[in-house]
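Engineer: First, the structure itself, so that you have it in front of you.
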């Protein structure tokens with residue numbers, strides 16, 4: 001096999017934020033912004049990243065962390081070797097239009113992309129679910145980021161014009177059609193999520209502790225009555241998760257009924273719950289949500305971990321650019337960050 005090219009999408013989470021680490025419900029979609037990897041077999045690893053304008057070379061017996069983008073590649077190689085797959089090196093380049101650090105899962109997109117390149121080059125025949133789990137393991141155990149399964153699952157299982165309703169405990173999922181005349185306006189605030197890793201870890205710790213106190217395996221099993229048994233801060237945070245799980249189910253039903261106005265209202269409610277009770281928003285994300293609603297969006301909320309990164313708004317397809325331009329103009333007049341927006345739609349998952 002000579003050179004192959006793999007397209008690996010980013011993802012947006014429509015609803016179900018901060019629920020995946022308590023095995024709750026999520027509703028992500030793969031989006032039409034991609035990491036593109038072109039590569040061939042090689043006796044070592046030699047990869048050029050267009051984004052970083054940097055080439056890295058190493059051998060398979062030297063999988064030590066460097067604290068840079070190449071760790072995602074090393075993590076995938078490490079996990080494949082650990083699992084007993086017979087692989088060699090690769091030589092190629094990484095390009096694409098998926099922005100990094102914008103809360104659109106560029107890391108999961110990159111990991112799954114590299115995994116798929118190796119899967120193709122070395123005929124590994126890895127099934128889709130295994131791909132998502134291996135990429136997650138690489139990020140958790142090698143790179144050292146305690147993410148849930150949401151991102152990798154969306155990148156692998158994405159389907160054009162559909163969102164994915166996923167139970168992160170059983171990994172059972174369902175495709176739900178997304179209206180073709182509605183666009184997802186993704187607004188990158190330009191705020192780097194420096195807080196995200198420490199605060200995310202803290203939210204995760206409190207959520208996991210809450211499950212232990214209640215003797216439950218998943219947030220799906222937790223009732224209003226159970227919440228009374230938790231200490232005040234745990235109760236405040238965990239009650240958000242319980243409400244968010246319920247909202248994912250409501251959005252699923254509203255999408256099936258074609259009620260985009262109801263979907264929008266639920267998204268906006270979710271944002272203010274994240275802001276006021278889970279405390280993961282920031283002034284810039286709140287500004288976007290308010291402006292989007294003023295300009296006629298169906299609904300808007302932060303997407304991803306929060307503390308910066310990106311927010312989304314559901315808008316009529318033919319108004320997306322007008323609304324995006326107007327928000328960006330007002331945002332740049334108020335804040336000094338380098339913000340930008342993208343108009344995306346649900347797309348297929350990773351593929352050649």
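All residue numbers here begin at 1 and follow the chain in the order shown.
Each residue, glycine too, has its Cβ placed from N, Cα and C.
Feature table excerpt (Swiss-Prot):
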SITE      11  site 'Transition state stabilizer'
BINDING   17, 18, 19, 20, 200  substrate binding site
BINDING   49, 101, 102, 103, 104, 105, 106, 107  ATP binding site
BINDING   107, 139  Mg(2+) binding site
ACT_SITE  151  active site, proton acceptor
Engineer: Between residue 18 (substrate binding site) and residue 105 (ATP binding site), what C-alpha distance do you get in Å?
Structural biologist: 14
Engineer: Does DSSP put residue 139 (Mg(2+) binding site) in a helix, in a strand, or in coil?
Structural biologist: helix
Engineer: Taking 10 A as the limit, how many CB atoms besides its own sit near the CB of residue 200 (substrate binding site)?
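Structural biologist: Taking every protein chain into account, the count is 21.
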Engineer: Might you list, by sequence position, any residue in that chain lying six or more from residue 11 (site 'Transition state stabilizer') with a Cβ less than 8 Å away from its Cβ?
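Structural biologist: Listed in sequence order, they are 28, 29, 30, 31, 104, 105, 108, 109, 150, 151, 154, 155, 158.
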Engineer: So of all those binding-site residues, 19, 20, 200, which one's Cα sits nearest to residue 101 (ATP binding site)?
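Structural biologist: Checking each of 19, 20, 200 against residue 101 (ATP binding site), the shortest Cα distance is to 200.
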Engineer: Return the residue, from the listed binding-site residues 19, 49, 106, 107, with the maximum count of other C-beta atoms within 10 angstroms of its C-beta.
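Structural biologist: Top count of Cβ atoms within 10 Å goes to 19.
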Engineer: To test your reading of the substrate site: which residues beyond 17, 18, 19, 20, 200, same chain only, put their Cβ within 8 Å of the Cβ centroid of those residues?
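Structural biologist: Nearby residues not in the site list: 16, 21, 24, 26, 148, 150, 203, 241, 244, 305.
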